[in-house]
Amino acid sequence: MMIELLIGISLVGAAAVFLLPDKYSARLSFGISLLPILGSLYMYATFDGVGNALLEGSTLAFETKINWLSVGPYELFYHVGLDGVSMPLIVLTTILSTLAILSAWTPIDERQSQFYGLMLLMEASLIGVFAALDFFVWFVFWEAVLIPMYFLIGVWGGPRRKYAAIKFFVYTNVASLVMFVGFFLLVFGLGDSIQTLDLPAIAGALSTPGAVGSIAGMSPNTVKAVAFFLMFAGFAVKVPVVPVHTWLPDAHVEAPTPVSVILAGVLLKMGTYALLRFNFTLLPEIAQQYALILVAIAVLSVIYGALLALAQQDLKRIVAYSSVSSMGYVILGLVAFTLYGLGGATFQMISHGLISGLLFLGVGVIYNTTHTRMVGDMSGLADRMPVTAGAIVTGSFAYMGLPLMSGFVAEFLVFSGSFSADFAYAPLLTAIAMFGIVIVAGYYLFAMQRTLFGQFSVSTDYEITRASVHDVVPLVVLIVLIIALGSVPELVFDMIEGAVRPMTELTATQQADAGPEMLGLGVSILGGVLL
Amino acid sequence: MIILGLTALALFTIDSVYPESKNNTLLSGVTVLGSLIALVVTGTQLLNGAGSTELFSGQLVVDEMSLFFTFIFTSVTALIALASHEYVGKREYQGEYYVLVVLAAIGMTLLASSNSFATAFVSLELASLPSYALVAYLKDNRGSVEAGMKYFLIGALSSAVFAYGISLVYAATGSLLFTDIAATLTDGIDGSLTGVLGIGVMMVLGGVAFKTASVPFHFWAPEAYEGAPAPISAFLSSASKAAGFVLAFRIFITAFPADAIAGVDWVLAFQILALVTMTLGNFAAATQETVKRMLAYSSIGHAGYALIALGAMTGTANQPFVLSAGMLHLLVYGFMNTGAFLFVALAEHWGIGRTFEDYNGLANKAPVACAAMSIFLFSLAGLPTGGGMLSKYFLLLGAVEAQTYVLAVGLIVNSALSLYFYARVVKAMWIEEPASDLSIDGYPTGLYAAIVVAAVVTVLLLPALFVFSEPALTAGSGLF
């Protein structure tokens, strides 16, 4: 019942906030959003799940499974439950939602009840995405996220908000449909052996060799591969992966700060979470056949995203592009498919949620005060805004992977996981990806140096004051969390490990299925790309 | 049905006792009450599983199918009557308005129960004639009168086509009763009559296509919806369309079973019809300049989606399931589409213009109504704000099972496309800056209530569609 309670509170809260006058909405939505935090922390403390939600031998925490509706042979289940991957993501969602709501008090000054109502609606949908275990229920929440985000960017965004909102909406909705087709190809490939969309049931059916039949003249392996890449393409947009990342900087730059926090902190994780759940848990053998192509995409995202960030003058764009780079690490860890790789990828989802949230909040505070985000327009801000500057420095260092911060743990895990991975040239490709960290250090040091330190000057007419309490509190909370996870990664890593270890064991039995000729094809394609 | 009949009588009585009266609240209240009672009675029977009762030696049959659609008609009628309170309040002929609505609803209910071409034709006319008058209700408005005229002429033409089709079918099979026709066809008819039968079936199909506003008999729909008073547009595009579909389901599944009717491939005809209708409707909707016309064309697109239910009768599919998917879509559609047109009625009531730009910034003035409208539009597009997503998903399953992949792809592509023009309205309401002179005088209670009720039901139909899935399946199976 806990999951339903979290979603229900957010939904009812959203309706209440929407209907009430503006002047109450900020405080009310903040108060309401504390309840899901308490709930999710309680769930975290009493978490008793074992194993991976989709694989056999697991016990889910807070599971609910009821027959939602059945029409003829088709049954849909309302099925939610948590394992070690989804639990930390739900805690992340509730915490970041509250911090985002708190940080909205300064910048959001019109149509507040609508804004806060949508924020709570978004929180409900995001919790649903991470908890749902029936494809249709999951898809309902997945699509439901688009709607509040569309309004949040489109109504409260910057000057080009309409363009950014439409672009976001169209990109991600088309991607959803592509993914939908891919998933259904897989389900119909399974034929009569499966009549539900329950994900554990589908994973169970897929684990039997020869379960997927041929469709429309495609061999079973081709069906799986096509399904894999259709789903991958759909999720890649959400992650986002180069070259389908172009909606992200637009959306980020136009979105108001609180929305950017949710967008980078939680929304992007929907993509990587779905990749983990669908592509890499349901079809691990395909992931391994094409590992080289996938790694190439991941490395490209890391390096290209970092180079793009290096070229930016707008602080918010820097953070936005660096997200593309960080999400590349997640893909790298997933493709590695070792315990550290998968665990590191999941840890990176949490870690990046916190760090990018911190940086967006910091940039937001600077923007609220100075009304500019351009690196060239300001310098020496640390004098006047010490806490904010400290937060940005912390966030940047965490991004660069300094020890005792969560970014270090995440990247270390990903790299050690992918260094020892099975795919060809693993050490070499990992080394190329690691070069991304050097570029990260480059652009963040550069940006900090120019904006925070040196002689104080800002080219605006606004008075530069210290940030107010409700701006600072979210920063401090996030710093504490980043350092806590960096010093004691076991806080969440044990949980994550419990959920990803069964995945690595699964592949050992399935590798026999994969044809060696596909690996050769992958190598030659990558060879072509590299040459 | 009897209750609807009594409602109509009550309205006649009130109108004849106080011919000059303008007691709009009484009239609309009686209509709402009557249709609500009918709704509750139908709903209870439906959920309890009423079984099937034959009346007039099988000419009419009351079974789950007819109850299911009566449920749709009565709920739409109740919403319309509630919403019309303000709309009609300022105009003449109030009693007549409500009486015509109720009479049309009775016609539709009869249509849902018809089990013979004779009753089908009579009830089709009973449903259509009041509609013609209602479209032309704004008799001082040239658009309304012209729309009524067009609707009437095309309607008369389609009736003639339908009647001629019936006569040919009778000539070939010697019967008008659906079940008898099916029996004759199963025994096999004289080979020389196959051609006559084929033409007859296609002409009957034409009559049905008119009522469901399917291509190529769709031309009246945008004109009629545009010219008619907005509540009537809602009524026609939701209830009247559903009536066309129940007629189609009965005729083609009961009277012309696909496996018995050799030489006439109506399944293929419906596949083509579905694909062309949904594509044409959505593409035309994407190019419209006014919201009402956009909704009119998009409702043609939705007719195309519902036609999948018949196009997927290829034998490989689980046929009762596909049929019930179509019925569930019509049920959800009844609420979301009615709601969307009622919002247009609200905008007309406020004197806001008709184009997308005229809706700019409306959400600042009326956030609740605009939130409801956004729910309708997103649900129509297949996003999870309402049951539309679920019913489209079932249709998709049906199309894939029937191996009509073209229809499945058409459904997905058209849904993606439709998001574009539905989102245009949403964008105008919430994101665009309001026009400076946008002023709203008063919040009409009845209309607002109807919109909110429709929105709540639309949202609830996402988690609670299971209440209707079982009756729909029983009803669907009942025809085979």
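Numbering starts at 1 and runs along the chain as displayed.
Here the Cβ of each residue, glycine as well, is placed from N, Cα and C on the backbone.
Here TrEMBL flags A:133-428 as domain 'NADH:quinone oxidoreductase/Mrp antiporter transmembrane'. Taken from TrEMBL, the feature transmembrane segment covers A:6-21, A:28-45, A:115-133, A:139-156, A:168-191, A:197-218, A:225-247, A:290-312, A:318-342, A:349-367, A:387-413, A:425-446 (among others).
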**Study point:** Cβ contacts under 8 Å made by the transmembrane segment (A:425-446) with residues that lie 6+ beyond its boundaries
**Key:** 292, 295-296, 298-299, 302-303, 305-307, 309-310, 312, 318, 322, 325, 328-329, 332, 336, 396, 399-401, 411, 415, 418-419
Review point. Are there at least 3 C-beta pairs under 8 angstroms linking the transmembrane segment (A:115-133) and the transmembrane segment (A:318-342), leaving out pairs fewer than 6 apart in sequence?
Key: no
Check your understanding: Among A:28-45, A:168-191, A:290-312, A:349-367, which stretch has the highest count of C-beta pairs below 8 Å with the transmembrane segment (A:115-133)?
Key -> A:28-45
Check your understanding: What residues in the same chain, six or more past the boundaries of the transmembrane segment (A:139-156), come closer than 8 Å to it by Cβ-Cβ distance?
Key -> 108, 110-111, 114-115, 118-119, 121-122, 125-126, 128-129, 132, 162, 164-166, 168-169, 172-173, 176, 180, 251, 254-256, 259, 262-263, 267, 270, 274
Review point. Hey, which bits of the same chain come close to the transmembrane segment (A:387-413), Cβ under 8 Å, at least six residues off its ends?
Key: 322, 326, 329, 333, 340-341, 343-344, 347-348, 350-352, 354-355, 358-359, 361-363, 365-366, 381, 437, 440-441, 444-445, 447-448, 452, 466-467, 471-472, 475-476, 478-479, 481-483, 485-487, 489, 493
Practice item. Take the transmembrane segment (A:225-247) and find every residue of the same chain, 6 or more past its ends, with a Cβ under 8 Å from one of its Cβ atoms. Key: 164, 167-168, 171-172, 174-183, 185-186, 189, 218, 267-268, 270-272, 274-275, 278-279, 283, 286-287, 289-290, 294, 297-298, 300-301, 304-305, 324, 327-328, 330-331, 518
